[in-house]
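A.B. asks: The structure follows.
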Amino acid sequence: MAEKKQWHETLHDQFGQYFAVDNVLYHEKTDHQDLIIFENAAFGRVMALDGVVQTTERDEFIYHEMMTHVPLLAHGHAKHVLIIGGGDGAMLREVTRHKNVESITMVEIDAGVVSFCRQYLPNHNAGSYDDPRFKLVIDDGVNFVNQTSQTFDVIISDCTDPIGPGESLFTSAFYEGCKRCLNPAGIFVAQNGVCFLQQEEAIDSHRKLSHYFSDVGFYQAAIPTYYGGIMTFAWATDNDALRHLSTEIIQARFLASGLKCRYYNPAVHTAAFALPQYLQDALASQPS
């Protein structure tokens, strides 16, 4: 039997992960990114950008449920949601499950990513691109949040790692723009890497976001594809109470929503804000 081709991730220099490639479905460089989608027996279809795994069919539900349901249920009455990035459609899929949301705007820098994922990762979007509440904007995320006349209750930054095109979504200019178009008591969330390996990302985000929001923190989830420990998600708002809602309040909102999830539940919601001591110490040691 011929040995299977292996795809190696290049996120870290000294160690990493690899996937056996059963079948390459798509591989092409777009104007902005090097995109590959392939099949793996353990994780299903895998998408990688610029040598870094972005999503897999097997475990994407953890990431997308936590990025959407935590801020939306904490907010309690979000009507207008902005997604920055998210071209694979799974973030959109989870937001559309909230029937009280009236509009969902998604800003993606690369139209090619959307078309590729719609064809090759259909389970990610699950038809959500056809939701009448959805609007796609092809634009740079920093430009959009600093120019739009729209305002939003929840902003979800489904950004890549802070390298290449994704770097701009970790800048003060982006955070300032998000504050600009976020409604009072609105919530901003963003992926912030695996904190054991990428601690500086969390520290940098905390420092920058604190210039614009009165309550800045993180919550976490364990996602197998993003190896190295827990993944952290940045959280920023001017309503300090939203990060500290009781499990009972979240439970009532969860039941009213009719959601049925595979990872998220109200107990996970409140527990997710408990951070390991090494991250708490790192954040506390930074100058205010």
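Quick reminder: no glycine exception, Cβ is built from N, Cα and C everywhere.
Sharing the record's features from Swiss-Prot:
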type	residues	note
DOMAIN	9-238	domain 'PABS'
BINDING	Gln33, Glu108, Asp140, Gly141, Pro165	S-methyl-5'-thioadenosine binding site
BINDING	His64, Asp88, Asp158, Cys159, Thr160, Asp161	spermidine binding site
ACT_SITE	Asp158	active site, proton acceptor
A.B. asks: Cα distance, His64 (spermidine binding site) to Glu108 (S-methyl-5'-thioadenosine binding site), nearest Å?
C.D. replies: 17
A.B. asks: Could you state the CA-to-CA distance between Cys159 (spermidine binding site) and Gly141 (S-methyl-5'-thioadenosine binding site) to the nearest Å?
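C.D. replies: The Cα atom of Cys159 (spermidine binding site) is 10 Å away from the Cα atom of Gly141 (S-methyl-5'-thioadenosine binding site).
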A.B. asks: Starting from the Cβ of His64 (spermidine binding site), draw a 10 Å sphere and report how many other Cβ atoms land inside it.
C.D. replies: 25
A.B. asks: Taking Glu108, Asp158 as the binding-site residues to compare, which has the smallest set of other Cβ atoms within 10 Å?
C.D. replies: Glu108
A.B. asks: Spatially, and counting Cα to Cα, which of the binding-site residues is closest to Asp158 (spermidine binding site)? Options: Gln33, Asp140, Gly141.
C.D. replies: Gly141
A.B. asks: Mind looking up the mean pLDDT for the domain 'PABS' (9-238) in the predicted model?
C.D. replies: 93
